[in-house]
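Undergrad: Annotations per Swiss-Prot:
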{"type": "BINDING", "residues": "Asp259, Ser261, Ser263", "note": "divalent metal cation binding site"}
{"type": "DOMAIN", "residues": "253-430", "note": "domain 'VWFA'"}
{"type": "DOMAIN", "residues": "446-537", "note": "domain 'Cache'"}
{"type": "CARBOHYD", "residues": "Asn92", "note": "N-linked glycosylation site"}
{"type": "CARBOHYD", "residues": "Asn136", "note": "N-linked glycosylation site"}
{"type": "CARBOHYD", "residues": "Asn184", "note": "N-linked glycosylation site"}
{"type": "CARBOHYD", "residues": "Asn324", "note": "N-linked glycosylation site"}
{"type": "CARBOHYD", "residues": "Asn348", "note": "N-linked glycosylation site"}
{"type": "CARBOHYD", "residues": "Asn613", "note": "N-linked glycosylation site"}
{"type": "CARBOHYD", "residues": "Asn781", "note": "N-linked glycosylation site"}
{"type": "CARBOHYD", "residues": "Asn888", "note": "N-linked glycosylation site"}
{"type": "MOD_RES", "residues": "Ser119", "note": "phosphoserine"}
{"type": "MOTIF", "residues": "259-263", "note": "motif 'MIDAS-like motif'"}
{"type": "SIGNAL", "residues": "1-24", "note": "signal peptide"}
{"type": "TOPO_DOM", "residues": "1095-1103", "note": "topological domain 'Cytoplasmic'"}
{"type": "TRANSMEM", "residues": "1074-1094", "note": "transmembrane segment"}
Amino acid sequence: MAAGCLLALTLTLFQSGLIGPSSEEPFPSPVTIKSWVDKMQEDLVTLAKTASGVTQLADIYEKYQDLYTVEPNNARQLVEIAARDIEKLLSNRSKALVRLAMEAEKVQAAHQWREDFASNEVVYYNAKDDLDPERNESEPGSQRIKPVFIEDANFGRQISYQHAAVHIPTDIYEGSTIVLNELNWTSALDEVFKRNRDEDPTLLWQVFGSATGLARYYPASPWVDNSRTPNKIDLYDVRRRPWYIQGAASPKDMLILVDVSGSVSGLTLKLIRTSVSEMLETLSDDDFVNVASFNSNAQDVSCFQHLVQANVRNKKVLKDAVNNITAKGITDYKKGFSFAFEQLLNYNVSRANCNKIIMLFTDGGEERAQEIFAKYNKDKKVRVFTFSVGQHNYDRGPIQWMACENKGYYYEIPSIGAIRINTQEYLDVLGRPMVLAGDKAKQVQWTNVYLDALELGLVITGTLPVFNVTGQSENKTNLKNQLILGVMGVDVSLEDIKRLTPRFTLCPNGYYFAIDPNGYVLLHPNLQPKPIGVGIPTINLRKRRPNVQNPKSQEPVTLDFLDAELENEIKVEIRNKMIDGESGEKTFRTLVKSQDERYIDKGNRTYTWTPVNGTDYSLALVLPTYSFYYIKAKLEETITQARYSETLKPDNFEESGYTFIAPREYCNDLKPSDNNTEFLLNFNEFIDRKTPNNPSCNTDLINRILLDAGFTNELVQNYWSKQKNIKGVKARFVVTDGGITRVYPKEAGENWQENPETYEDSFYKRSLDNDNYVFTAPYFNKSGPGAYESGIMVSKAVELYIQGKLLKPAVVGIKIDVNSWIENFTKTSIRDPCAGPVCDCKRNSDVMDCVILDDGGFLLMANHDDYTNQIGRFFGEIDPSMMRHLVNISLYAFNKSYDYQSVCDPGAAPKQGAGHRSAYVPSIADILQIGWWATAAAWSILQQLLLSLTFPRLLEAVEMEEDDFTASLSKQSCITEQTQYFFKNDTKSFSGLLDCGNCSRIFHVEKLMNTNLVFIMVESKGTCPCDTRLLMQAEQTSDGPDPCDMVKQPRYRKGPDVCFDNNVLEDYTDCGGVSGLNPSLWSIFGLQFILLWLVSGSRHYLL
């Protein structure tokens, strides 16, 4: 009680200006500090207003109203027009799909199966021919085509419209009878591919993915462009692509049941772990899954206690858990299956509500657990697939019976080479009900967003299953076949969809976005995944994002709308309504993360949404209040156009300021370029030659940029150039909605680092959302010490009311010289006389820190030289205890957000090896010990060597040079977290004590009116040691939110409206047998003899 009274008395005395931390001189009173701050604010705002010409540019826009009209952005009309355009685009692609699927079924039904083919009878282009120049010209029975390729701008790579290409997975023998027959009958699709393109030249990839793994795509193109990614491995299998998985079967509820009894230890356990991981990769976000283990008891392997969505994060949790399972005890199939059925039949949790599956991985056993199946699965609505894993002598009968009696399939995985094949073939079984459903199952489905393997960037794919209709009668009542032949796919690039959602009348903070039934965005400004896979395309990213490659990027791109933006209850409601296919509109105040992800602003936004008919997608348009109207230039006189375009020529930079234009698609024949000088020259030459009214040009875009060029030139000529050099101003700039950036004088523009695309400028977008002058800290973490030397940016939006309509067509600003500001700052905050050390902000004071921070907590000014070198740095890294206290007293609030699209350095360098990731690679010491050959690891090596001799190309995919391996795994997908700080409320002043335990620091905080700045005067951190743990704002690697907690409250989603999981006509007698990869006994004996001879007689060779 006494201590509390003493603290209260101290605060009272401090606020009265009676005592200071040294007790020698009073700490300046709040009134005194406020007077300093008011003077600083007045000087800064006056400087910025006078030097920037914000009022003068507004006058220019008002003066020349005859050169433009103010047009409305009718949100409802705009979003519905865009939705109809997207519907039309996807409908046209669907028609191409239907033609392809019908032709494929017709051709295959007429195809006569052949066991033998004459030499070079099957003619095709193998897309991987260029990967291995030393490979044979052709396999027996086939002949290679060698297309002539041309560079195509639509595909961004070399293509041939004369041919289709074929991709065959590395672990499939190209000369097999099955492959040759498929090559033979699918060749007829080439003509349909070509006819589709003749009808719609905008078509992109058309692909048939076969259930055997063969992929035929048009137009032909080399699988990997060796000029970009030389000597990279190929692990592609069309059956594992997101679009194939979705099209091949209805969604799945899968329970993976793993035998962890003592008999599965060693190599068998390793094979099971890898098999489960590969099985998880066959699932998409429409599926639900869990993994349980059992011996004498059963339990979940992870924290998940029920089925969870098979998204990337949940699958990672399950994979990590499976890798940690251990084997012990005895097998009790009854316990395992009882646990599996109970969980699989729990309908009180979110699930796919379609195919119900149990996947059993075991080494075998004698028990059949008939009573469990009789209890839970009398109607056989749950399929049971069984996998006999490893080399053992158990009777396969019991676990094969389990599969056959429960409409599943039995597989054998004796070695590492059989895993990929046997963990994906279950999709053929799940496809049976679809085939038997006939036309009812012939529905085009559109996928989630994913990265195209052939360098189109982000795409969605329309899919349609292709059925084997051989032996089917005309009335389709005699169904003799239930095999799915494969999936037909047609790609739609997100860039094509973006073109249907024009943005350049919406202002930089207006945008479209679209979501799918999972709530994942397929359009959104923040959908920017990193291309980190071998053969994965380079796409346009923010400059801060690295562009690296890694083979792990086969995952679909799944960014939830609530992760793409800062979540609130209203956005949750909007997301739910969009998933349900409703239309609506909401206006509300929300937090907005800045383009550079350092700041958070508050702004009013109107969300307007509508469904895209014929699809499961929903489209929305977001507009700030100042974007309800836009300026449309009407430069009808060519003489005015010519006069304004003249100001864009580099020869006039000295007079008009260094000029940048946004790299937009102004004309069909004028390609945007990142080189501003080159693009500006091309633009001027094109306009001079063809005039802005050329039919190949977007007249509105060109006229708007010319209008802004004229207006901004007048600002330079009539105002900036006539002002004398103003002390402290290094540069002046203006940035416009039309795409103009002018920097004056010319020399300052030569060092301009901002994005020439004004719609991507972080400071520009922030200025529009703020009524104050916005001070922007330099990028300390990117540029390091000394970044402030280019000046501190101050910007403000030009605000107009034309006929009562609010417009913000431009932002003006200046760059302040830091040294001049320091001088002014010091003069303003010095008291005279001042005998003591704490009465003012003396330069390099030992006891007093005086700093100015912006609204994000970044340092902009200080009275210490060592702080000056840290301008632009987050204050939590400079004075962590004070920054924490500023949060505690509610000056700052913060928001922690996660980026699920990041790339990071791997935690540990992977070991090089020629085997698959679960294969054991022995050391030389292992091989030289004869005893080692009796272990299970030796048998694993024998299997791999035998496999490579029998099928020489099966393991070819894992042969890599060391530098290739290191480079390809240089980065990996990861989650990062970042914390943005912002002013919590409108309170202007804060005073108090920062308690550090054994000592305390008196402080006073005062915001600078009409700016985003705050002044802090506090006893130096050196006089009172406190919490030194850094408070970080910058992006850091993270585990993200706890998936175990997230699955307890899953976000709303909707699965497909139709489900094909059972059909009374299904013939399930074909339920599996012996694996085709089992080697002969004589091969094993012969290989073992050779290896033992090498070990005993050729030790010098091994060394």
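For all residues, glycine too, the Cβ spot is worked out from N, Cα and C.
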Undergrad: Consider the recorded positions Asn184, Ser261, Asn324, Asn348 and say which one has the Cα lying nearest the Cα of Asn613 (N-linked glycosylation site).
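TA: Closest recorded candidate to Asn613 (N-linked glycosylation site) by Cα: Asn348.
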Undergrad: With H, G and I counted as helix, E and B as strand and the rest as coil, say where DSSP puts Ser119 (phosphoserine).
TA: coil
Undergrad: How long is the line from the C-alpha of Asn184 (N-linked glycosylation site) to the C-alpha of Ser263 (divalent metal cation binding site), rounded to the nearest angstrom?
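TA: Distance between the two Cα atoms comes out at 46 Å.
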Undergrad: What's the CA-CA gap between Asp259 (divalent metal cation binding site) and Asn324 (N-linked glycosylation site) in angstrom, rounded?
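TA: Asp259 (divalent metal cation binding site) and Asn324 (N-linked glycosylation site) have their Cα atoms 14 Å apart.
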Undergrad: Looking only at the domain 'VWFA' (253-430), report the model's average pLDDT.
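TA: PLDDT averaged over the stretch: 94.
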Undergrad: C-alpha of Asn348 (N-linked glycosylation site) to C-alpha of Asn324 (N-linked glycosylation site): distance in Å?
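TA: Between the Cα atoms of Asn348 (N-linked glycosylation site) and Asn324 (N-linked glycosylation site), the distance comes to 29 Å.
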Undergrad: How many Å separate the Cα atoms of Ser119 (phosphoserine) and Ser261 (divalent metal cation binding site)?
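TA: Spelling it out, the Cα of Ser119 (phosphoserine) and the Cα of Ser261 (divalent metal cation binding site) are 52 Å apart.
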Undergrad: According to DSSP, does Ser261 (divalent metal cation binding site) sit in a helix, a strand, or coil?
TA: coil
Undergrad: Of all the glycosylation sites given, namely Asn92, Asn324, Asn888, which is spatially nearest to Ser261 (divalent metal cation binding site) at the Cα level?
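TA: For Ser261 (divalent metal cation binding site), the closest Cα among Asn92, Asn324, Asn888 is found at Asn324.
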Undergrad: For Asn92 (N-linked glycosylation site), what residues in its own chain, 6 or more apart in sequence, show a Cβ-Cβ distance under 8 Å?
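TA: Set apart from Asn92 (N-linked glycosylation site) by at least 6 residues yet with Cβ under 8 Å, we have Asp200.
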Undergrad: With DSSP helix as H/G/I and strand as E/B, how many residues of the domain 'Cache' (446-537) fall in helix, strand and coil?
TA: 5 helix, 32 strand, 55 coil
Undergrad: Comparing the recorded positions Ser263, Asn613, Asn888, which residue's C-beta has the most other C-beta atoms within 10 angstroms in this structure?
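TA: The most densely surrounded of these recorded positions is Ser263.
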Undergrad: Work through the recorded positions one by one (Ser261, Asn324) and point out the residue whose CB has the fewest other CB atoms within 10 angstroms.
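TA: Selected from the recorded positions Ser261, Asn324 on minimum Cβ neighbours within 10 Å: Asn324.
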Undergrad: Could you tell me which of these recorded positions, Ser119, Asn184, Asn348, has the fewest other Cβ atoms within 10 Å of its Cβ?
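TA: Across Ser119, Asn184, Asn348, these recorded positions, the one with fewest Cβ atoms within 10 Å is Asn348.
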Undergrad: Can you tell me the CA-to-CA distance separating Ser263 (divalent metal cation binding site) and Asn324 (N-linked glycosylation site), as a whole number of Å?
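TA: If we compare the Cα positions of Ser263 (divalent metal cation binding site) and Asn324 (N-linked glycosylation site), the gap is 17 Å.
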Undergrad: Please work out the number of neighbouring Cβ atoms within 10 Å of the Cβ of Asp259 (divalent metal cation binding site), leaving out its own Cβ.
TA: 26
Undergrad: Give the distance between the Cα atoms of Asn324 (N-linked glycosylation site) and Asn888 (N-linked glycosylation site), rounded to the nearest whole Å.
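TA: So the alpha carbons of Asn324 (N-linked glycosylation site) and Asn888 (N-linked glycosylation site) sit roughly 42 Å from each other.
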Undergrad: Using the Cβ centroid of Asp259, Ser261, Ser263 as the reference point for the divalent metal cation site, which residues of the same chain not in that list have Cβ within 8 Å?
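TA: Going along the sequence, the neighbours appear as Val260, Gly262, Val264, Asn295, Ala327, Gly329, Ile330, Thr331, Thr362, Asp363, Gly365.
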